[in-house]
Amino acid sequence: MAGVTTSCSIQPFKQPISLSAFQSKLSHLHLDFPNSSISRGCRITCRYGGGGGGGGYSRQGDSRRPKSPADEDPALDISSIRSSTVRLIDEEQNMVGVVSKTAAIQMAEDAELDLVILSPEADPPVVKLMDYNKYKYEQQRKKRDQQKKSSAHRVDQKELKMGYNIDVHDYTVRLKAAQKFLKDGDKVKLIVNLKGRENEFKNNAIELIRRFRDDVGELAIEESKNFRDRNMTLVLIPNKAILQQKETPKKKEKSTGTEVSASVSP
């Protein structure tokens, strides 16, 4: 009965066990085959961890082995290159030229660097010597910096609402808020909503919006307006030229103050 396969089950280990200890336990396993003749070519497969699917363990093709970097990133999977030659770029961005894949791998090992696939579809494929972890870190840092810059240049729009018959105090509060938003670099959208019979006072609302625009002054530039609907709007954007002119004297004052304080210090 050559080729007989016998399976057995071992109870789960309560504590981690080494491979040598596991083999010693198997050495004391007694197998009894009555009325059978077993050839030397039989194979015994054991399962630990109790019954149930997914608990099987085989020394051949263990699926739980630690993944190598090539398993996680195709750029490092040199085995995917079928060509026997590659076009190599060294860590200094110099073109080495066409070399054998084996030689490229050896050069990477000698330099203690990664061999990274840049153009797998090229003929021959293009690879480069580099510290791949450092490269990915720098790419992520550049991405974060770009996101910070884009968020810094992003302009938010602030909305201010008022009625056509707003009192002086509330008007002043909204005007100061608009000036602050514009100085911070944000857009300002003024909304005057006319409800029901208030539409009869549309001209009053238009005059209010124009007055607001004039009171904001040179801080803003009119981007758009809409006086046709019941929700009349005016959108103002910061006047960058004026804001920059106002920031420059402040910087000069700070530098002058620093020089004076430095000159009087003992």
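Just so you know, glycine gets a Cβ as well, placed from its N, Cα and C.
TrEMBL: automatically predicted annotations, no manual curation.
Here's what TrEMBL has on this protein:
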- 53-77: region 'Disordered' (REGION)
- 61-70: compositional bias 'Basic and acidic residues' (COMPBIAS)
- 80-146: domain 'Translation initiation factor 3 N-terminal' (DOMAIN)
- 156-239: domain 'Translation initiation factor 3 C-terminal' (DOMAIN)
- 243-266: region 'Disordered' (REGION)
- 247-256: compositional bias 'Basic and acidic residues' (COMPBIAS)
- 257-266: compositional bias 'Polar residues' (COMPBIAS)
Secondary structure split (DSSP) over the domain 'Translation initiation factor 3 N-terminal' (80-146) reads 27 helix, 22 strand, 18 coil
What is the pLDDT of the domain 'Translation initiation factor 3 C-terminal' (156-239) when averaged and given as a whole number? 90
